[in-house]
C-alpha cells in the first residue's frame with residue numbers, strides 16, 4: 001500500500017512536470033549562447049531568456065532572434081533583425097558580395113550579428129524566410145540580468 | 001467523496017490525454033489538404049498522415065513534404081522534393097523566371113507541385129532552406145488509404 005502510493009505520487013509528479021514543461025516550453029526558453037558573432041551584446045556562455053509568443057508581424061528592427069541556419073538546418077543562429085520585408089539594405093562593399101541596394105523580400109528578414117567582422121549572416125546568405133525564426137531574446141540572465149531593449153539599432157540599418 | 005473521485009479521474013484522463021497528444025504530435029500528425037498544386041496525387045480535402053521523425057539528411061527526391069511558405073510564414077505548403085543540395089535543376093523556360101541551370105545550395109531543397117500549371121513553388125521562389133520543412137507525407141487516409149512511395153518521381157527531376 002505504501003509502495004503503490006509512492007509510485008502514484010511519482011507518476012503524478014512526472015506527469016505534472018511534463019505538462020508544465022510542455023506548456024512553458026511553447027512560450028519561453030532558456031538558451032546558452034556560443035560564438036563571437038553577437039559580441040559585445042552577447043558573449044560566449046551567456047545565458048538568455050527567449051520567448052516564442054510574439055507573432056511574426058510584431059517583430060521589430062533591433063530585435064535579437066534565434067533562427068535555424070539557412071545553410072545548415074541542424075544549427076541555430078542568434079542575430080539581430082536589421083530590416084523587415086520591404087526594407088532597404090545597403091552595403092559599403094568591404095565585406096559583402098554585393099554593392100547595390102537590396103530590398104528585403106516579402107516574408108523575409110535581414111539578420112546581422114553585432115560583431116560585424118566575425119559574423120556570417122544575411123550579408124553572406126541573404127535575407128531569410130521568417131519561418132526559420134523561432135524566438136526572440138527578452139533578456140540575458142547570465143553573467144548578469146539585462147533586459148534587452150530594441151532601442152540599440154545599429155547605425156547601418158535602413 | 002464521490003465527487004472528488006470524479007474530479008480526480010477527470011484530471012487523470014485530461015493529463016494522460018495531454019501527455020499522449022504531445023508525445024504523438026511530435027512524431028505524427030493528421031493533415032487536411034487544400035488547393036490544386038499537388039493534383040492528381042493530392043486533391044482538395046484529402047486527408048493524410050504525416051510524420052516528423054525523419055531527419056533532414058534522410059529526405060529523398062520524390063518525398064512529399066509540408067513546409068512553411070518562404071513568402072508567408074503563416075501558411076504551410078505541400079510539395080514534392082525534386083532536388084536536394086548539390087543537385088542541378090534545369091528549366092524549359094516556359095513558366096519559370098529563369099532559363100539556365102541552377103544548383104541547389106547547401107542546406108536547401110527544391111520543391112515543386114505535381115500540378116505544374118497550377119503550383120507556386122521553387123520555380124518561382126527558388127530552393128528553400130530545409131529548416132522550413134516540417135514533416136513528410138507517409139500515406140493518404142482519405143478518400144481511400146494509399147501508401148505514398150517515393151518511387152513516383154516526375155520525369156523532369158535531375
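In case you wondered, yes, glycine gets a Cβ from its N, Cα and C as well.
Keep in mind it's a predicted model, so treat the numbers as computed, not measured.
Feature annotations, courtesy of TrEMBL:
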DOMAIN    B:11-91  domain 'Peptidase S26'
ACT_SITE  B:37  active site
ACT_SITE  B:79  active site
DOMAIN    B:93-133  domain 'Peptidase S26'
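Residue counts for the domain 'Peptidase S26' (B:93-133) under DSSP, split into helix (H, G, I), strand (E, B) and coil, are 10 helix, 10 strand, 21 coil.
Secondary structure by DSSP for the domain 'Peptidase S26' (B:11-91): 18 helix, 25 strand, 38 coil. All protein chains shown were included, and the count of other CB atoms within 10 Å of the CB of residue B:79 (active site) stands at 24.
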